[in-house]
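One structure is given below, encoded as structure tokens.
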């Protein structure tokens, strides 16, 4: 008749001991950390410290940054540093935070399993079947609580990757990143006045822009002079050809069929063509064969001042935003683990054990004692009977 009450008492004591160990209300040990103190150590001394030691730019080379910038420019060079390289690189670094976060959840799960084993009171040693059933039920329940915690952690990382908030108050953008770049000496190749577009993600160099404009003007002027010289030379050649004279060779290139050496650098089909005015077209054109582009292209090894400036600023932006996300993950991941795994286990463990184990058909089986206990009880009962008989004999005298 008392089996049901006995089982409820055992389950109640077990769940109370589990909560006390997690909250640190049990007998305090002076030898080593235990229970909830180990959980706190995993959060702060292992998880947080490991994230703080990660260098967000360690696996990002300068060539990776240059390649991503040039790929984002497309067929024309951009005046501003595009947002795409920054977002691609920072997403790669955020994705690296997923594995340590999931490992942290697994460590807490292992600690809860150890706590559950430590809560098995000496009273349970008499009931091996009940002890085994309780261990299985608690392990399955903890495993079920680990899944939503891992799912929530994955969602947290994905949310950080899906929206790059460059408007965050702690994000070093705009003129801040330029000042940092100058302060750290990352753009020390001469004074450059940098203008920033959209919180530091789009950046241009005024000095380089001015230099580029002057070079373009000079290049156009030189091209115009060369064009006029070629036009004048071609006109004189045409006039000479009309008079029946042989045109001179230019820069060692002989005219097909008309040079003194009798050689031509132009293919026969082209040299056979002639202008209606009577002179050969190979006197105007020379065949220049371009080198075919390789299947795999990399940026040139020579870095310009603009390349160095852009690389330095991209690294600063990545580090700045990574620090923002890291601090958010350091706060959100322990909260997710505590909510979905630790606190959920404390709240629901008693109900789960009653639902799984408290059954009339299982009481005799689970409360069956070990053979050693049965033999010891039988001996004690026999000793008790002998003592009672001796007591009655003594009362007769």
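Glycine is treated like the rest: Cβ placed from N, Cα and C.
Listed in TrEMBL:
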type	residues	note
COMPBIAS	205-219	compositional bias 'Polar residues'
COMPBIAS	264-273	compositional bias 'Low complexity'
DOMAIN	311-397	domain 'GED'
REGION	205-273	region 'Disordered'
As a test of reading the model: what is the averaged pLDDT for the domain 'GED' (311-397)?
88
Taking DSSP H, G, I as helix and E, B as strand, the domain 'GED' (311-397) contains 80 helix, 0 strand, 7 coil
